[in-house]
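What follows is a single structure, written as structure tokens, with notes after it.
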Amino acid sequence: MNNLLCCALVFLDISIKWTTQETFPPKYLHYDEETSHQLLCDKCPPGTYLKQHCTAKWKTVCAPCPDHYYTDSWHTSDECLYCSPVCKELQYVKQECNRTHNRVCECKEGRYLEIEFCLKHRSCPPGFGVVQAGTPERNTVCKRCPDGFFSNETSSKAPCRKHTNCSVFGLLLTQKGNATHDNICSGNSESTQKCGIDVTLCEEAFFRFAVPTKFTPNWLSVLVDNLPGTKVNAESVERIKRQHSSQEQTFQLLKLWKHQNKDQDIVKKIIQDIDLCENSVQRHIGHANLTFEQLRSLMESLPGKKVGAEDIEKTIKACKPSDQILKLLSLWRIKNGDQDTLKGLMHALKHSKTYHFPKTVTQSLKKTIRFLHSFTMYKLYQKLFLEMIGNQVQSVKISCL
């Protein structure tokens, strides 16, 4: 008899638990003194507290939590929990307190929580790469670079990189790499030409200068007819009109014209004259010897489609340090349908704090943008443009500036 009673009680307990867990809203058992019965009452939802248990006649009464108090689950408590008052040192408020959530604090970028303190993420030394990036809750995990990989920098983000395959770039292996440095390649001068940039920053600024602020209906046709050298054919002009906005058409036309006439004296003269601009840009940017991780951060900060790690690797191998930023900016422009590189750079500078650029790099990029927009360069662009198209369309361009 006792065994039968025990089984019945266990079954009843399981049935009640199943009922209270599976129904919605969730239920709880409450003994009602007035009727001397166990009642199945509704629990209170998140953001409220239990004001009055249910009765045989009335449902459970719940009331909203007051300011600075919360409950984050269905419950039977007659009071709300007090929100955490402040975040710890080196933390920021990820989510403010409200009636359904406690204040959520998180360590600032580059730090993680260890007991009560936000400690700086570990930086992996040369010869070691990041295998698990640090998070606000976890430290960086480093591991020694395996055979065929290397890391030549101290970084909390950079993984080990694969040794350069010299033969891919038409070069010879002169010194085998190890865990702390890459393979060293050498080759003839022809191999160094692989860092070619189709349109430099100065040329792009010059070509975009040629875009009139006010368009005449036949501006592109006038420009096509008056450009010296080999003419851009009608089919190409129509394709440019179909595929690009009015603001982009002039840039695309001049870019194509330059490619078709690269051996013409007029193009060579323009390139020579614009060397003044190129030398100044090199003075601003060329000295910035950035690591792989810093170059990747710069590319990540640009809007639109990103230049990937593989392209950055190839650029580091094919270009000398002074040309690497310019080459990557050229790749970004091509990848994004010839978007304005200077506008992309200005976007990157607005978000430079997020990506932790070195101060010297930020200053160099700002100086470059100011220089390319300066009155001195404006006068040079105007002079070159009028020399290029001759006197026949001077009045058209000048009226549009």
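Glycine too: its Cβ is placed from the backbone N, Cα and C atoms.
Taken from Swiss-Prot, the feature signal peptide covers 1-21, and the record attributes it to experimental evidence.
Non-local contacts of Cys41 (disulfide bond) by the CB criterion (under 8 A, 6+ apart in sequence, same chain) comprise Lys27, Tyr28, Leu29, His30, His53, Cys54, Lys59, Thr60. If you look up Swiss-Prot, you'll see Cys41-Cys54 (among others) marked as disulfide bond.
Residues annotated as disulfide bond in Swiss-Prot, with experimental evidence given as evidence: Cys44-Cys62 (among others). Under the three-state DSSP scheme, Cys44 (disulfide bond) falls in the strand class.
If you look up Swiss-Prot, you'll see Cys65-Cys80 (among others) marked as disulfide bond, on the strength of experimental evidence. Its Cβ taken as reference, Cys80 (disulfide bond) is surrounded by 21 other Cβ atoms within 10 Å in the chains shown.
Model confidence over the repeat 'TNFR-Cys 2' (65-105) is summarised by a mean pLDDT of 93. The repeat 'TNFR-Cys 2' annotation in Swiss-Prot covers 65-105.
Secondary structure at Cys97 (disulfide bond), as computed by DSSP, is coil. Neighbour density for Cys97 (disulfide bond): within 10 A of its CB lie 18 other CB atoms from the protein chains shown. Among the features that Swiss-Prot reports, disulfide bond is placed at Cys83-Cys97 (among others), with the record citing experimental evidence.
Residues or ranges marked as disulfide bond by Swiss-Prot on the basis of experimental evidence: Cys87-Cys105 (among others). In sequence order, Ser84, Cys87, Lys88, Gln91, Tyr92, Val93, Lys94 constitute the residues six or more apart from Cys105 (disulfide bond) in its chain with CB-CB distances below 8 Å. DSSP assigns Cys105 (disulfide bond) to a strand in the three-state reduction.
A C-beta separation below 8 Å, combined with a sequence spacing of at least six in one chain, links Asn98 (N-linked glycosylation site) to Gly47, Tyr70. Taken from Swiss-Prot, the feature N-linked glycosylation site covers Asn98 (among others), and the record attributes it to sequence analysis.
Here Swiss-Prot flags Cys107-Cys118 (among others) as disulfide bond, drawing on experimental evidence. Spatially close to Cys107 (disulfide bond) yet at least six residues away along the chain are Leu90, Gln91, Leu113, Cys118, Pro136, judged by Cβ distances under 8 angstroms.
The feature repeat 'TNFR-Cys 3' is assigned by Swiss-Prot to 107-142.
The annotation disulfide bond is assigned in Swiss-Prot to Cys124-Cys142 (among others) on the grounds of experimental evidence. Sequence-distant neighbours of Cys124 (disulfide bond) (same chain, 6+ apart, CB under 8 A from its CB) are Val130, Thr140, Cys142, Ser151, Thr154, Ser155, Ser156, Ala158. According to its DSSP assignment, Cys124 (disulfide bond) is in a strand.
Among the features that Swiss-Prot reports, disulfide bond is placed at Cys145-Cys160 (among others). The secondary structure of Cys160 (disulfide bond), as reduced to three states from DSSP, is coil rather than helix or strand.
In the repeat 'TNFR-Cys 4' (145-185), the DSSP tally of helix, strand and coil residues is 4 helix, 11 strand, 26 coil. The annotation repeat 'TNFR-Cys 4' is assigned in Swiss-Prot to 145-185.
Positions annotated as N-linked glycosylation site by Swiss-Prot, on the basis of sequence analysis: Asn152 (among others).
Counted within 10 Å of its Cβ, the other Cβ atoms near Asn165 (N-linked glycosylation site) come to 12, all protein chains included. Residues annotated as N-linked glycosylation site in Swiss-Prot: Asn165 (among others).
Under the heading disulfide bond, Swiss-Prot lists Cys166-Cys185 (among others), citing experimental evidence as support.
Closest to Asn152 (N-linked glycosylation site) by Cα-Cα distance, out of the recorded positions Cys44, Cys80, Cys97, Cys145, Asn289, is Cys145.
Around Cys65 (disulfide bond), taking its Cβ as the centre, 22 other Cβ atoms fall within 10 Å, counting all chains. Working note on the disulfide-bonded residues Cys44, Cys87: by count of other C-beta atoms within 10 Å of each C-beta, Cys44 ranks first.
Of all Cβ atoms in the shown protein chains, 19 besides its own fall within 10 Å of the Cβ of Cys166 (disulfide bond).
The residues of the domain 'Death 1' (198-269), classed with DSSP into helix (H, G, I), strand (E, B) and coil, number 47 helix, 0 strand, 25 coil.
For Cys62 (disulfide bond), the nearest of the recorded positions by C-alpha distance turns out to be Cys80; the candidates were Cys80, Cys83, Cys160, Asn289.
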